[in-house]
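Feature list (source: TrEMBL):
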- 157-169: compositional bias 'Basic and acidic residues' (COMPBIAS)
- 170-180: compositional bias 'Polar residues' (COMPBIAS)
- 200-212: compositional bias 'Polar residues' (COMPBIAS)
- 126-180: region 'Disordered' (REGION)
- 200-219: region 'Disordered' (REGION)
- 6-25: transmembrane segment (TRANSMEM)
- 46-64: transmembrane segment (TRANSMEM)
- 84-105: transmembrane segment (TRANSMEM)
Amino acid sequence: MLAQVQLLFMVVFLEMALILLFLFRTPLRKLIIMTLDRVKRGRGPLIVKSVAATVLVIMIYTVYSIKELQSRPTDSVNPTDQILLAHQILEAALMGFSLFLGLMIDRLHHYIRELRLLRKTMEAVKKQDRTLDNGKNGETSTLRDEISSLRNTVKQLESESEAKEKEVQSQKANSDSLKGQSEKLLLEYDRLLEENQNLRSQLQSVDQTVSHSDSKKNT
């Protein structure tokens with residue numbers, strides 16, 4: 001019985017030491033977390049649950065025995081029963097405390113593992129954000145280069161458009177001058193044509209006069 005109490009004390013102190021090691025970031029904590037990760041693989045959880053269930057059943061039986069001893073009349077309880085009662089109370093308390101500490105160790109291990117996963121996720125997200133920022137900076141510089149090249153192209157097109165507009169205006173002016181000259185030439189042609197008609201009519205009248213005079217001389 002004394003060996004069982006010593007074993008329970010050892011288990012309790014070991015669990016308390018594990019909990020203290022969980023609270024501080026040391027290389028030993030990393031080793032303990034890796035060990036617990038391996039224990040929770042395969043048949044490890046089943047074995048741990050079986051041991052915890054066995055301890056729980058023993059604790060319940062011990063509590064039942066304590067209740068039975070306490071239910072006896074005071075006169076019938078001898079010093080041996082009192083020592084046995086105190087021993088059973090100590091065993092039950094140690095077993096309950098060890099189960100509680102085991103549950104705390106399991107929860108702490110779970111939370112620490114979740115925290116590690118969250119940190120890894122955060123680091124991955126930060127790296128992704130940095131990559132996206134670098135990509136955005138590269139895209140921004142590329143867009144700036146494209147915008148500057150487009151601006152240069154627009155300026156070149158504007159200058160070419162101005163040159164074409166000046167050329168069109170010059171050709172329009174030439175066309176207007178040629179049109180004026182052609183109108184003048186047409187007026188001059190009409191005038192000359194009218195004078196030609198007048199001269200022809202005059203020549204015809206002269207010819208008629210001459211032919212008439214010749215006919216008179218012949219008669």
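Glycine is treated like the rest: Cβ placed from N, Cα and C.
Values in this document were obtained by computation on a predicted structure and should not be read as measured data.
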DSSP helix/strand/coil residue counts for the compositional bias 'Polar residues' (170-180): 11 helix, 0 strand, 0 coil
Tertiary contacts of the compositional bias 'Basic and acidic residues' (157-169), as residues 6+ beyond its ends and Cβ separation under 8 Å: none
Long-range environment of the transmembrane segment (46-64) - Cβ separation under 8 angstroms, sequence gap at least 6: 39, 88, 91-92, 95-96, 98-99, 102
